[in-house]
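To keep things clear, I will list the structure first and then write my remarks on it.
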Amino acid sequence: MEISALLTSAGINISICIVLLSLYSILRKQPANYCVYFGRRLVCGGARRYDPFWYERFVPSPSWLVKAWETSEDELLAAAGLDAVVFLRMVIFSIRIFFIVAVICIAFVLPVNYYGQPMVHKEIHLESSEVFTIENLKEGSKWLWVHCLALYIITSAACLLLYFEYSTIAKMRLGHITGCASKPSQFTVLIRAIPWSPEQSYSDTLSKFFTNYYSSSYVSHQMVYHNGIIQRLLRDAERMCQTLKHVSPEINCKPSLRPCTFCGGPTATSSFHILSNEADSVKGMELGELTMTTTTTEQERSAAFVFFKTRYDALVVSEVLQSSNPMLWVTDLAPEPHDVYWKNLNIPYRQLWIRKIATLVGAVAFMFVFLIPVTFIQGLTQLVQLSHAFPFLRGILSKNFINQVITGYLPSVILILFFYAVPPLMMYFSALEGCISRSIRKKSACIKVLYFTIWNVFFVNILSGSVIRQLNVFSSVRDIPAQLARAVPTQAGFFMTYCFTSGWASLACEIMQPMALIWNLVAKVVTKNEDESYETLRFPYHTEIPRLLLFGLLGFTNSVIAPLILPFLLIYFFLAYLIYKNQILNVYITKYESGGQYWPIFHNTTIFSLILTQIIALGFFGLKLSTVASGFTIPLILLTLLFSEYCRQRFAPIFNKNPAQVLIDMDRADEISGKMEELHKKLHNVYSQIPLHSQKSSSKAECSNPFKKQELPDPEKLKPEEGDAIAKELWGFQGNESGQEHDTKS
């Protein structure tokens with residue numbers, strides 16, 4: 001691929017980014033778009049501000065960048081939770097390591113590659129991208145020691161940064177456990193596969209079992225019922241309530257001037273009446289009473305939440321095998337109430353292993369089916385073969401600009417469009433597996449999307465050709481390093497264009513929120529719906545973490561092979577830090593989280609990227625007949641594997657299990673302070689399948705908001721006119737208390 005094609009792709013994507021970021025800085029200042037760009041603040045109780053019409057509202061400004069840059073990590077932790085902090089630390093790690101990599105490789109490796117062979121160089125924009133790769137070095141070149149030394153520096157810096165980040169995040173996770181002393185999940189165990197007995201109900205069987213074997217620690221239990229229809233009806237009713245409760249009777253319930261021809265009712269009065277929001281028509285009823293009126297023993301499922309006196313008791317029960325039959329009395333630590341995926345608790349436990357195998361087969365089959373569009377896309381980068389296959393295209397492809405667009409821009413755009421179908425499908429597969437919580441489902445989807453992305457974007461593209469070739473390329477294990485070494489330099493141009501489109505342009509689309517903006521416009525203009533209640537989104541970790549890791553993989557593998565990509569990746573990571581931080585603070589709401597469990601995924605994938613880079617470099621040193629560089633690369637691979645194993649032994653268990661020492665100290669502190677009895681009283685009503693306001697389960701109550709004691713400032717710090725009571729009434733907004741899950745992006 002020529003540099004001119006890369007410049008064309010870069011110019012198109014830079015223009016898209018500038019236009020979208022400028023539009024965002026204008027649209028976010030419009031009062032009608034507050035529910036799109038400030039959904040999190042509004043839901044968490046921020047007051048809507050009235051902005052008079054003036055010129056500054058229609059002028060782009062970088063104030064949101066300044067705000068995102070100035071927000072500290074402590075403020076972010078209080079506002080969005082540990083997962084958001086861990087994600088941004090992933091971005092910060094990427095900025096740090098690739099700054100080091102870019103300085104080393106651009107300063108030393110790139111000049112060695114460019115002047116690797118005696119040749120007459122053209123102007124830069126007419127050069128081929130392969131001139132800047134290690135492919136340009138001649139066999140037996142003595143300059144390959146520069147690449148080997150750079151590889152050692154990159155690996156050492158990456159491992160050092162990974163160690164400090166792993167240590168810091170492990171401490172943050174322990175602080176997250178101790179800082180949430182009132183979490184009911186720490187006292188609760190989820191029991192599945194309760195044995196069925198024709199003589200008694202599941203509830204009686206469970207009560208008898210735990211009274212017999214855990215009489216000193218067992219408190220009570222809450223059965224899981226098959227009341228999905230009731231849940232849906234109540235959820236719909238609650239959403240309708242949230243829609244109506246923001247309606248002001250004085251404004252929206254004016255007498256109708258049009259006679260009613262259907263019901264014969266009065267035409268000059270309004271029959272619409274808003275009830276008070278006290279207990280929401282269930283005042284005076286206990287949660288258990290309402291549950292028993294809608295559920296019976298026939299609707300009980302073989303799953304329940306069991307509550308214990310101390311956190312340590314719950315931990316022991318969750319880790320111990322309860323029966324000689326491992327398929328009965330299966331125990332897990334319960335997820336948080338708003339993290340429970342109730343639908344999957346109805347699945348019989350004996351079906352789970354079949355579901356996991358089926359979803360694995362489905363995911364692998366989809367990965368291979370995806371070879372078809374990827375192979376077609378790679379054909380677009382090979383114009384010579386394309387013109388031979390389709391002779392009628394030779395005239396069009398002979399035009400320089402069209403040639404540059406097809407080779408430098410179109411393939412990556414088509415690949416991204418195909419990839420939009422991947423995250424929803426992987427989320428569906430993860431739900432079919434039977435995950436007990438939404439956070440586990442999202443983590444599982446994240447891993448699936450990560451594998452899918454690395455396989456199709458990296459391996460399938462660098463080993464481009466027919467589908468048959470994809471299956472035969474790894475026929476010999478010894479050929480893998482050499483095959484990868486030959487293929488990576490040829491795809492360096494494609495990876496750079498993919499960085500432009502999937503990186504820069506995708507970030508600009510992320511901050512614009514085009515789907516939410518269009519939906520808001522349709523609701524206000526087409527349907528004339530002025531309701532400002534907004535169903536907020538959850539941060540899509542299952543799509544953004546794989547994208548981040550993919551670019552890290554591309555950066556490491558191309559660092560000593562084709563370092564021209566590094567400055568563009570560094571720009572992407574810096575933009576990602578500002579844009580994601582802005583979105584987390586203003587748009588996305590945290591209703592549940594994993595407690596930092598995404599970091600081991602990031603750590604392990606980064607180690608994989610380093611080892612893959614070393615294997616590719618080893619293959620290239622072999623192709624270039626440099627035995628010294630090859631000999632020094634093998635110990636580096638072994639040292640990286642040893643470092644990975646040390647981190648797995650030292651830090652990984654903290655992310656898989658809760659330490660008993662910490663939980664016992666928390667139990668003792670609660671017993672001394674007298675809080676334990678109060679916690680026991682709250683346990684039973686927390687894990688209810690029926691959503692009630694009396695449960696205090698609203699997103700407004702659960703999201704911590706560092707701005708809650710302040711009025712929500714205008715994005716440009718514009719002050720409203722004093723004493724404009726009518727405007728405040730018109731633009732007043734109270735947060736949506738339901739905070740229901742937006743499944744399309746959760």
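Yeah, the Cβs are placed from backbone N, Cα and C, and that goes for glycine too.
According to Swiss-Prot, the protein carries these features:
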TRANSMEM  3-23  transmembrane segment
TRANSMEM  90-110  transmembrane segment
TRANSMEM  144-164  transmembrane segment
TRANSMEM  357-377  transmembrane segment
TRANSMEM  405-425  transmembrane segment
TRANSMEM  445-465  transmembrane segment
TRANSMEM  492-512  transmembrane segment
TRANSMEM  560-580  transmembrane segment
TRANSMEM  601-621  transmembrane segment
TRANSMEM  623-643  transmembrane segment
REGION    692-723  region 'Disordered'
COMPBIAS  692-702  compositional bias 'Polar residues'
COMPBIAS  708-723  compositional bias 'Basic and acidic residues'
State the residues, same chain only, that lie 6 or more residues beyond the ends of the transmembrane segment (144-164) and have a CB under 8 A from a CB inside it; answer 'none' if no residue qualifies. 93, 96-97, 100-101, 104-105, 108-109, 112, 134, 137, 556, 559-560, 603, 606-607, 610, 613-614, 617, 620-621, 624, 626, 628-629, 632-633, 636, 639-640, 643, 647
Stretch among 3-23, 90-110, 492-512, 623-643 sharing the most Cβ pairs under 8 Å with the transmembrane segment (445-465): 492-512
For the transmembrane segment (90-110) and the transmembrane segment (623-643), check the count of CB pairs under 8 Å (sequence separation 6 or more) and say whether it reaches 3 or more. no
Report the listed stretch (3-23, 492-512, 601-621, 623-643) having the maximum count of Cβ pairs within less than 8 Å of the transmembrane segment (560-580). 492-512
Compare 3-23, 601-621, 623-643 by their Cβ pairs under 8 Å to the transmembrane segment (492-512) and return the stretch that comes out on top. 3-23
Tertiary contacts of the transmembrane segment (623-643), as residues 6+ beyond its ends and Cβ separation under 8 Å: 134, 137-141, 144-145, 147-148, 151-152, 155, 159, 163, 482, 485-486, 607, 610-611, 614-615, 617
